[in-house]
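S.K.: Pasting the relevant annotations from Swiss-Prot:
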type: BINDING; residues: ASP11, ARG192; note: substrate binding site
type: BINDING; residues: GLU33, ASP62; note: Mg(2+) binding site
type: SITE; residues: LYS64; note: site 'Transition state stabilizer'
type: SITE; residues: ASP67; note: site 'Transition state stabilizer'
Amino acid sequence: MSLPMLQVALDNQTMDSAYETTRLIAEEVDIIEVGTILCVGEGVRAVRDLKALYPHKIVLADAKIADAGKILSRMCFEANADWVTVICCADINTAKGALDVAKEFNGDVQIELTGYWTWEQAQQWRDAGIQQVVYHRSCDAQAAGVAWGEADITAIKRLSDMGFKVTVTGGLALEDLPLFKGIPIHVFIAGRSIRDAESPVEAARQFKRSIAQLWG
């Protein structure tokens, strides 16, 4: 089982605040996510600028595409994104369109499982050639005190068994990682737990050490 990668979510409102994070921890993570908030605040230039600064890193545009899959994904890939996200409620043809464009750029598409989705949809994504999903505990669920539970673990295992590469996100803390031991997680996303730490560098390194211990 390969080691899960570590992704930092830049859910900043401005490039200046995003740079404050990347200057510290870009070399400690595998994937730099241009979060939805930053995509809206700064547009695709955020993707272009971060990829120019860190060409050796995977840069994800978390656009959460809901429609116009080909147009929006092309905008992201032409800005040199490696991956883009499509929201789970999007029509299957939106996901297919985004994937077609991704292939032109040797990129990839992730289905963001935020909100309601079904296992029937999941099978449609697999049948369409989608390989990646993001299992998401929403900000609102976190704020309501909803913790990771057995239902989450069961769903993640089932997605993995279907052949998906699963990314896990949603207020992920260091102490949550052992919950997922034994599951071939593709990526763990940490946002505030790294960005807002007293030492973001040490926080990122702690995540990497824990991942190596649990999956190594």
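Backbone N, Cα and C atoms are what each Cβ position is placed from, and that goes for glycine too.
What you are looking at is a predicted structure, and each value in this text was computed from that prediction instead of being measured.
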S.K.: Between ASP11 (substrate binding site) and ASP62 (Mg(2+) binding site), how far is it from one CA atom to the other, in Å?
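M.R.: Here the two Cα atoms lie 10 Å apart.
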S.K.: Here are the recorded positions: LYS64, ARG192. Which has the lowest count of other Cβ atoms within 10 Å?
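M.R.: Counting other Cβ atoms within 10 Å of each of the recorded positions LYS64, ARG192, the minimum falls on ARG192.
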S.K.: Can you check which residues sit near ASP62 (Mg(2+) binding site), meaning Cβ under 8 Å from its Cβ, same chain, 6 or more apart in sequence, and list them in order?
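M.R.: Once residues fewer than 6 apart are set aside, ASP62 (Mg(2+) binding site) is near ALA9, GLU33, VAL34, GLY35, THR36, CYS39, VAL84, THR85, GLU112.
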S.K.: Radius 10 Å, atoms counted are CB only; among the recorded positions ASP11, GLU33, ASP67, which position scores highest?
M.R.: GLU33
S.K.: Translate the DSSP assignment of ARG192 (substrate binding site) into the three-state scheme.
M.R.: helix
S.K.: What Cα-Cα separation, expressed in whole Å, is found between ARG192 (substrate binding site) and LYS64 (site 'Transition state stabilizer')?
M.R.: 20
S.K.: Going by DSSP, is ASP67 (site 'Transition state stabilizer') sitting in a helix, a strand, or coil?
M.R.: coil
